[in-house]
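Lifted from Swiss-Prot, the feature list:
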- GLY69, PRO70, GLU71, SER72, SER73, GLY74, LYS75, THR76: ATP binding site (BINDING)
- 337-359: region 'Disordered' (REGION)
- 346-359: compositional bias 'Acidic residues' (COMPBIAS)
Amino acid sequence: MAINTDTSGKQKALTMVLNQIERSFGKGAIMRLGDATRMRVETISSGALTLDLALGGGLPKGRVIEIYGPESSGKTTVALHALAEVQRNGGIAAFVDAEHALDPTYAAALGVDIDNLLISQPDTGESALEIVDQLVRSAAVDIVVIDSVAALVPRAEIEGDMGDAHVGLQARLMSQALRKITGNIGKSGCTVIFINQLRQKIGVTYGSPETTTGGNALKFYASVRLDIRRIQTLKKGTDEYGNRVKVKVAKNKVAPPFRIAEFDIIFGKGISTLGCVVDLAEETGIIIRKGAWYSYNGDNISQGRDNAIKYLEEKPEFAEEIKKLVREKLDKGAVVSANSVAKASEEDEEEEVDLEPEE
């Protein structure tokens, strides 16, 4: 069979078929990758500079994100910080409160504009996911948070009796909904964050017995999966004032996965952004720690990490200078714990494999 070497003829045929596809399916249905308007993935700050580094810049826009972990580990806090960041940049944010547990006072303390926040408290999982799909398709909303997947109860389960068995109903619901939602997300550029809970698998003798609710569909469709854990309780004397948390990027389709970030969450205030700055300034050598003392340019600024954070709070101009120096070092390729890839465990590697979602 002769190979067609007529380049101009091929180009003419290609132009004709591209025009025909665009007439049939709309402009933008097919394009050269170099012509795409969104070659670089835009990001939303998570509120923690260390987590932004671990994510390769922040939470990606126009993607499905899953945040999961044990109770009171900071899942909703990270999601609320993302909402606040979008609102600060003039975007519209929505919160689907399936758990009926949103605290407006805490959200406001984290910087969320609660007066302009769209909130829905649906009764069934079908209603919640249909609302999410309509918000995404509108292309008017920039970010939607669903709290949580475990609370998306199928209508049949709500209307049935207490002891009825409903095997796989929620997994099928999530699979059907995500097939619709992901296609619309790509067109609208809306970020959808699912908060999820952990459950224990019964009879597991090898590997981690932990699993997330809602089946495998969300694992498959999510571009980013964040595993957040509380690793330390922060105390002043006997009074607890916050938690130290560790976030593992269990899956990332837009940057290297398996990075780990640590930061503080202060009760009533949210993520300690200046705590992240102090940690990164120390790792990059901008602030030097000798024993308990922290120094900058040879001058002692505080004794102890908490006092170093307090010093930056009291001197915002100095804090901005340190932030700028940290970012410059990181832009030049400085390697810190948050942007170095941690060794993946066997459980991580199993999690990264994309399984076909169950029907």
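Numbering starts at 1 and runs along the chain as it is shown here.
Just so you know, glycine gets a Cβ as well, placed from its N, Cα and C.
It should be emphasised that the depicted structure is a prediction, and the values quoted were computed from it without experimental measurement.
Set side by side, the binding-site residues GLY69, PRO70 differ in how many other CB atoms lie within 10 angstroms of their CB, and the most is found at GLY69. In sequence order, ARG230, ASN243 constitute the residues six or more apart from SER72 (ATP binding site) in its chain with CB-CB distances below 8 Å. Taken residue by residue with DSSP, LYS75 (ATP binding site) is part of a helix. Classification of PRO70 (ATP binding site) by DSSP places it in coil, neither helical nor stranded.
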